[in-house]
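Undergrad: Sharing a structure with you now.
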Amino acid sequence: MTTKPILVALDYDNKNHALQLIDQLDPNMCRLKVGKEMFTLFGPQLVKDIHERGFDLFLDLKFHDIPNTVAKAVTAAAELGVWMTNVHASGGLAMMEAAKKALQPYGKEAPMLIAVTVLTSMSDEDLKLIGIDVPAFEHVQRLAKLTKQAELDGVVCSAQEASILKSLLGQDFKLITPGIRPVGSDVGDQHRVMTPPEALAAGADYLVIGRPITKATDPLAALQAIHQSLV
């Protein structure tokens, strides 16, 4: 099992509330994920606040732009010292290669760089509406292969896709899976979901888990229970 596979997704519009939650968690059991809303609201200072508390951070901004712009964006993320950041694979091979090249000067200190394939909220019908006339899983495989060709570290994918992607792309290619819900949790707006043990067994390396931990009466107890279920 990957060391610290749990990535706690933070989703707050109040920084103090976010830090109060973070202070209840254990950096030895999880890493944290910050997305577009929180980074737009609170900026790089939030990243520094998280690092000061001993947590690794996945800066989930899903960059998608021309290659030069994305290269500069991932460089900025590296300067912040984040553990992982990401781009949209649909930005294309040249964009992903430019992003990867931009991180070379950081050597072993470079953040992991992964790509988003198909958002877990997207159904086959949703894909058809944007001109992609193949099933979601087929499109995921196509984008994941392109990501590996660009020499990125892995992809975000649904847990249902993990087993085939591992066999297709190899054990060293990391799979980060949202849509993870412990037994009894509300599936929310995620269409493709699994429990944490199911996802790891399927080949996922990192599990993105938000509300089952952040909205729990006792967030640390919820984190500990999920962590224990994976041991």
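Glycine too: its Cβ is placed from the backbone N, Cα and C atoms.
Relevant sequence annotations retrieved from Swiss-Prot are reproduced here:
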- K62: active site, proton donor (ACT_SITE)
- D11, K33, 60-69, T120, R181, Q190, 210-211: substrate binding site (BINDING)
Undergrad: What are the sequence-distant neighbours of D11 (substrate binding site), meaning same chain, six or more residues apart, C-beta distance under 8 angstroms?
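TA: The list for D11 (substrate binding site) reads G35, E37, M38, G210, R211, T214, given in order along the sequence.
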Undergrad: Give me the count of other Cβ atoms within 10 A of the Cβ belonging to T120 (substrate binding site).
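TA: There are 23 of them.
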Undergrad: Around the C-beta of L61 (substrate binding site), how many further C-beta atoms are within 10 angstroms, looking at every protein chain?
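TA: A 10 Å sphere around the Cβ of L61 (substrate binding site) contains 19 other Cβ atoms.
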Undergrad: Would you identify the secondary structure of G210 (substrate binding site) according to DSSP, in three states?
TA: coil
Undergrad: I'd like the number of other C-beta atoms within 10 A of the C-beta of the residue listed as 'active site, proton donor', please.
TA: 17
